[in-house]
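Down below is the structure, laid out as structure tokens.
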């Protein structure tokens, strides 16, 4: 029956001697490989109508047979003349060729799939239970009002659209137009024998039960041999198995070839439900609605039975002898889902434990070490995920980066990086300096007026905020107990903070340099990340929009870099640009020099004025002027872009950064010169506290100006841009804002010796400035008009912070500690000739104790030796040069490898073109060979691909039958 629908004859029957699937064509069909010869078999010589008997009257090989090799001759066959109900008999009551035959070519059961009814065709079976049997329930199909045909507009499943659950055009589940799911004849009626829920794709080859994907172990489809021993039979483990008798429970019984008592009842298509447990075959779609199916039988591992397949067992066997690291790496590289990888790892571990059960004691230490290593990795990964989750401002960073790009985001990243420095410095100072001082500090008797917040003097002068409040005595709480030397604690704590900052800056520069300068994205530009980086776990609408903005911004940055590489200037344009750059540098340098001179003379004048006038507000004059200069001059520098016209935004930012840092560091350098040569030598009572108060006022005034500029200045600029459309909205000035951070951090490091609480003040200002800048950015600024990647900006920011800011601070503090004399009446170093003298005294004390002579040797030969520092500096320079050469070599190697990849791609394209030309030439010379090769390839098409084209093929076949019923 199955082959009939495909070929309109029984030529493809597995019983036929010329059948292509027969394994023994030369030894008669009786000797076909492993075919059972049960009683009643057509191949049984005792059977009275064996088709293999050439002298049988009904044999198809008998030349006298009227339908020689055309029609099957088993009882009930279409051409069997003795069969009463044969449809080929012109006078049979149920013959389709009879003039008064009611039924058409198409089956007339209620779940009939045809689009119209037609005249009868003598090639359709009409035995009882047949789809075309006239006694079938319902009116004949010759009636146009028949409720079953799909040409009836009232029929629920008309026009050949699948109406089973999950169908794409099933309106029953959406619009409710198919309310009767159990209507007799409906394909959704599971109890009906011809229902399409039947997994055996007898009805036009496509099962429609829920979740059906043509299970590989299900009974065979039409056109494929399904008897035991068939070559393509997946459902049978042996070719020598007995005949599979499928019992039926249809409403009309199982007559004809479906009857198990019938001689040819082998491998016939059953009308029974696939999920009926009595059959022994349980459809996975009913037991597991979403069972993964492996449509391709040649895959390495199938989703549901990968561990039982040969390939799966080989993979498991190859993973067992591997080390833990190699096994994890191999499993990670498998093209499987995470769930399948976990299951594979569990199976391998289980098998490995079984094999290693006998040598468990010998490998106990190795297993313990492996368990500890695994626990350590998991703990480290968990802590890393936790730190990433609780990282400060992580969500806000994503929003900023998505809307304004990495260039603007670099400012906020730098701000957060500076905040970490100040938190560390504050914790160190608070733990080792401030807390011990609280235990011995005297009560402050000065009155607090509120003006101290701006001036830093008055009430704050007699607190732990400034250097002059700290004691110079050794703290002891009881006689004979432990002592705490405040001089050593003060200088070692400040020194430790600066040393940690020094190495942190070095390592940070090295890390960012490695990530941003030695980067394969220089050549690939991260195109793969842009294409494959979408996170399908993101379902929230707001998060999806943010992700889209991030991707669009990165694409714009990539395109901008590509345009910049292809941009070239003529000689005249280059000469004009060079002249503009030189003029801008000359003007900016002159403005910086003028500002430095003005600040120096203002500081001297203000000092003389304060000696004669005790006005508390007069101390704010110098910080106010310096802050005005820092606010106005960088904006003046920003106007140079109209003349210089940089095509690459990164170059413009770098130039502005250098000009602004030169301005700010020059002003700070002039102030340091003023403090160390004027204030420190003026004979003031506590000059260290005065310097600390000046630095506090500068830092506070800079914060106030930045706050006012963000809340008022940028807001007014936005209103002006909205009023005058020619000006448009402003863009975030990265160079100016970053220089404000560098300037403030330089003052913090410079004043940490004179004002130990200055890191705490800077920490508060940075925290407030982040939120203020964030709000101002979202309200008052537009995204950069020229998108550009700022991956190297953080490295440049840290470099500017290290040099000249941090190195300048170290030089200033070194001069203070080694050259200047402390105040005689305040501070922990009072009465000493220099600050470093406290270290000398401590070393002399240790030299008289035999147990601490190693400390004395280290100080005298390493720390206090000029030769040691010279050798150390030379070693550092040599190592730096070597690493620089290694870096350059890696850059060259990366470039060569990139070129090699490009050349290999070109070679492959060349070979593909050559192969295509050769195939075209061979096709023109010998087209028959290609047709033969195509025929050999077509049977290898996967089953699920055949099913996709099955329904259209049947429709075309029915159309041909309609046009020529006799054919």
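Every residue gets a Cβ built from N, Cα and C, even glycine.
As written in Swiss-Prot, here are the features:
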| type | residues | note |
| --- | --- | --- |
| TOPO_DOM | 1-420 | topological domain 'Extracellular' |
| REGION | 1-240 | region 'Disordered' |
| COMPBIAS | 1-10 | compositional bias 'Polar residues' |
| COMPBIAS | 21-31 | compositional bias 'Polar residues' |
| COMPBIAS | 53-62 | compositional bias 'Polar residues' |
| COMPBIAS | 168-184 | compositional bias 'Polar residues' |
| TRANSMEM | 421-441 | transmembrane segment |
| TOPO_DOM | 442-449 | topological domain 'Cytoplasmic' |
| TRANSMEM | 450-470 | transmembrane segment |
| TOPO_DOM | 471-487 | topological domain 'Extracellular' |
| TRANSMEM | 488-508 | transmembrane segment |
| TOPO_DOM | 509-581 | topological domain 'Cytoplasmic' |
| TRANSMEM | 582-602 | transmembrane segment |
| TOPO_DOM | 603-616 | topological domain 'Extracellular' |
| TRANSMEM | 617-637 | transmembrane segment |
| TOPO_DOM | 638-660 | topological domain 'Cytoplasmic' |
| TRANSMEM | 661-681 | transmembrane segment |
| TOPO_DOM | 682-694 | topological domain 'Extracellular' |
| TRANSMEM | 695-715 | transmembrane segment |
| TOPO_DOM | 716-749 | topological domain 'Cytoplasmic' |
| TRANSMEM | 750-770 | transmembrane segment |
| TOPO_DOM | 771-796 | topological domain 'Extracellular' |
| TRANSMEM | 797-817 | transmembrane segment |
| TOPO_DOM | 818-861 | topological domain 'Cytoplasmic' |
| TRANSMEM | 862-882 | transmembrane segment |
| TOPO_DOM | 883-967 | topological domain 'Extracellular' |
Interface-richest range of 421-441, 582-602, 617-637, 661-681, 695-715 toward the transmembrane segment (488-508), CB pairs under 8 Å: 421-441
Summary of DSSP states over the topological domain 'Extracellular' (682-694), given as helix, strand and coil counts: 8 helix, 0 strand, 5 coil
The topological domain 'Extracellular' (603-616), counted residue by residue under DSSP: helix, strand, coil: 11 helix, 0 strand, 3 coil
When counting Cβ pairs under 8 Å to the transmembrane segment (661-681), the leader among 421-441, 582-602, 617-637, 862-882: 582-602
Beyond the flanks of the topological domain 'Cytoplasmic' (716-749) by at least 6 residues, Cβ under 8 Å: 404, 407-408, 410-411, 414-415, 418, 421-422, 425, 498, 501, 630, 634-635, 638, 653, 656-657, 660-661, 664-665, 668, 695, 698-699, 702-703, 706, 758-759, 761-762, 765-766, 773, 777, 779-785, 790, 793, 797, 800-801, 805-806, 808-809
Proximity verdict for the transmembrane segment (695-715) and the transmembrane segment (862-882), three or more C-beta pairs under 8 Å: no
Contacting positions for the transmembrane segment (421-441) when only residues 6+ beyond its ends and CB under 8 Å are counted: 464, 469-471, 473, 475, 477, 484, 486, 489-490, 492-494, 496-497, 500-501, 504, 745, 748, 752, 756-757, 759-760, 762-763, 766
Per-residue pLDDT averaged over the topological domain 'Extracellular' (471-487), given as an integer: 81
Helix, strand and coil totals (DSSP H, G, I; E, B; other) for the topological domain 'Extracellular' (471-487): 2 helix, 4 strand, 11 coil
Secondary structure composition of the topological domain 'Cytoplasmic' (442-449) [DSSP: H/G/I, E/B, coil]: 0 helix, 0 strand, 8 coil
Other parts of the chain folded back onto the topological domain 'Extracellular' (471-487), taken as Cβ under 8 Å at six or more residues beyond its ends: 433, 436-437, 439-441, 827-831, 838, 842
